[in-house]
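A.B. asks: Dumping the structure here so I can ask a few things about it.
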Amino acid sequence: MSEHQLSAQPPGTTPAPPAADESARVEQVAREASGRTRRGGSSGGAARILGLVVALAAICVVGAVTSGSRFASLDNLTVIVSTASIIGVVSIGMTFVITAGGIDLSVGSVLGLSSVWATTVATQTMADQYGWIVMVGCALAVGLAAGLINGVLIAYGRVVGFIATLAMLVAARGLAELIAGRRTQLVNVDSFSSTFKGDLLGVPKIVWIFAVVAVAGWFVLNRTTFGRRTIAVGGNPEAARLAGIAVKRHTMYLYALCGLTAGIAGVMMLARTGAGSSTNGTLYELDAIAAVVVGGTLLAGGRGTIVGTVLGVLIFATLTNIFVQNNLDSSVQSVVKGAIIIAAVLLQQRFTTRTPRSGT
Amino acid sequence: MVTVDPQQPPLLQMRSIVKQFPGARALDGVDLDVVPGEVHCLLGQNGAGKSTLIKVLAGAHQPTEGEVLVDGEVVTIANPVAALRLGVATMYQELDVVAGLTVAENVFLGHELATAGVSRRREARRRTREILARLGHPEISPHHEVGSLPAAAQQIVSMARALSHDARVIVMDEPSAVLDSDEVENLFRVVRELTAAGVAIVYISHRMEEIRAIGDRITVLKDGRTVARDLPVASTPTRELIRLMTGRSVEYAFPEGTDLPADAPVVLDVAGLSLRGAFTDVTFQVRAGEIVGLAGLVGSGRSEILETVYGARRATTGTVEVAGRRLRPGQVQAAVRAGVGLAPEERKAQGLLLDEPVYRNITLSTFGRFAKGGMLDERAERRTAQEQAEALDLRPTGVDRAIRTLSGGNQQKAMLARWLVHGCRVLLLDEPTRGVDVGARAEIYALVRRLADEGAAVVVVSSEIPEVLGLSDRVLVVSDGRVVHQGPATAIDEHAVLDLVMEGSAA
């Protein structure tokens, strides 16, 4: 509006000095105001992401200072990203569930179960015959099935997500122990190892998997109807339902998706450790939830950010690495992690009170 | 009406109150004088600053400039507890009760009766019972869990809480919004008792007839300023008040109904619809271009009828047909696909994603159309939403802001825009003007009529009988879950509707 007034100024006239002052001030205010709207409107998430990047950079500086080249070497950075990959894939699935206002406590157990089921004698014998695809198919199927059971119970059985997935956490771990007989099952299918172990273009293959899952996750959450439904269901389930969105079906899909990512992580675990074990993925659910929340996804639902989740995962992986490099007690590590979760949430509440949205 | 002597010293004064928020000046010089024993009505459109003013009084906001005086002394209301200590209690428009606690626990929430930390529950219950009896609701037990009570009873609990403070000034923000007419009477009786005892009431309502019935003086706010103060209710014409509030002089302007062509097809056909515990054997038809109103008291089943037609509740028996095709019961998606849209009663809780941008709220039912193979074309989506927003004169313009920042009237327009984008054949409107100011009401009425003229079948539910009668072509009167009357809106008046409603509930 003030710009209109300014442009209405006939060209060639020289306004009296006070008026010029006034209009210049008005113009400046208008510019600031419009800038503010733009920032606040479309990229409330950008500031959050920037904060996470700064935090990650600061942690890296700490690592470089305390451990020097042991930290800042290409090898070590590869180690960090590899460690982050498995939790990372689980966290992508978790981001969807949490954005929709849910929670999945079973991902770690499901990861363990899928790694065990994919390495039983029966599965590996078949894999010898038909190739590694059998093991991968088995792991993904186990993850998807577990996620579907969660989803059906929560969406149609009206069991609270926390409880349904808590039950799955216990049950899947138990089933994995039964199947494995508490033994570690080594991967002895060569085609699996040759396909998933090692590097591609100098980067570990499991990191590639993480990258692909993360990019796909970003795309689905921000650019597809599936993602929009996820945000709507998390933001206001009743409004979503009354707008004609199939909230129950979508909820089921979300938990199935999360289970599937746990299955993918199971495959990655086999690639990394070379063994299926019922203890694989223990407590991963907590790491994943922590990464998602630190990343800026609202635990209450309605806002989710894949980029934030990836940064959250990297922050925790880097920290762990620094602690290992400095031979610090893992107990100290846990305390610091706890403090970081609280600090991140407090900071976010402080700086991002306006127009929370998805879009990063 | 209590006779008020405006010459007596004011109990509460607000002088040149300014409240600056980042980027917005919510209050820009508000003056308010309240004397003991009066009902002081605060009028203003949505966005005029009433809510902010209340929050300043309740200690939830600190004024940027200006002073508040109680008994002639300048006070600082630093927080809600300070407000209560000064004798200022507030009943918010949004229900502020804790669903999981009992009635007694809610009434004494924040000032629990306790000895050395041990709550005196028996005394709390006794005093709660007394207050509820005084409010004319002895049937509400202090033991009840508040979440299990109907909305109107929750409002009573909220009122009981305000009374439990022995306040000298009680601020009531649209207390009648969820009340029936007989409960409004009850409210008025309590208000009169309070004022007779010297308590001052600051009363906020959009309903002119209530202000006429109970108010003593009126202060009008517009754009954060007091534009008129201490107008006597008895001698100020409504027209004048509306002019002050809006800068325009329009009473509720209902658009002219157009004559329905004799061959207009039946679009919505509801037959023998029942929902156990809510309503029984509801049968009606709505033709293209027709607006049908459902009149009835809160709890008569009228909202449930709409929600069941929409599939948000599953009917026990009966059928709903849209353009000759039967809808699957209990399936909202089936209804939406068939071209039915609902603007729900609780806009914020049931209709909107408050933190999402306006355009995403407008396209919440249709975003799938802007996608190919699941991939969204947000540019096309935004453009469509923008076109609707402009057509409906949505303010402020710009569809990227969070819808939370819009006024009630504009949020309602966004709800209607959602169904305009969808292209509805049947539009179900539950309390379309709740929380909507006078100016925006007229726009919404005109919009609803336009939609009907374009061939939609519209069903309107409203607590305000004049609204139902003014807006509709045909009226169904609902009482105790039964349709007790059907007929042209012009053939019945407000009193006749009320008679029918009373008769029905007595039977």
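The backbone N, Cα and C atoms fix where each Cβ goes, glycine too.
TrEMBL annotations: computationally assigned, not manually curated.
Owing to the predicted nature of the structure, the values given are computational and were not obtained by experimental measurement.
According to TrEMBL, the feature region 'Disordered' maps to A:1-43. Annotation source TrEMBL lists compositional bias 'Basic and acidic residues' at A:22-35. According to TrEMBL, the transmembrane segment annotation covers A:46-65, A:77-98, A:105-124, A:130-152, A:159-180, A:200-221, A:252-271, A:306-324.
Thinking about packing and proximity, how do these listed features fit into the structure?
C.D. replies: Long-range neighbours of the transmembrane segment (A:46-65) within the same chain, counting only residues 6 or more positions beyond its ends whose Cβ lies under 8 Å from a Cβ of the stretch, are 39, 71-72, 294-296, 305, 307-308, 311-312, 314-315, 318-319, 321-322, 325, 344, 347-348, 351-352, 360.
Sequence-distant contacts of the transmembrane segment (A:306-324) (same chain, at least 6 residues past either end, Cβ-Cβ under 8 Å): 45, 48-49, 52-53, 55-56, 59-60, 62-63, 66-67, 71, 76, 79-81, 83-84, 87-88, 91-92, 94-95, 214, 217-218, 221-222, 287, 290-297, 330, 332-333, 336-337, 340, 344, 360.
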A.B. asks: Is it true that the transmembrane segment (A:77-98) and the transmembrane segment (A:200-221) have 3 or more Cβ pairs under 8 Å, skipping pairs fewer than 6 apart in sequence?
C.D. replies: yes
A.B. asks: Go through the chain and flag residues at least 6 beyond the ends of the transmembrane segment (A:252-271) whose CB is under 8 A from any CB in it; none is fine as an answer.
C.D. replies: 85-87, 89-90, 92-94, 96-97, 100, 102, 104, 106-108, 110-115, 118-119, 135-136, 139-148, 150-152, 154-156, 161, 165, 187, 192-193, 196-197, 205-206, 209-210, 213, 226, 230, 233, 280-281, 284
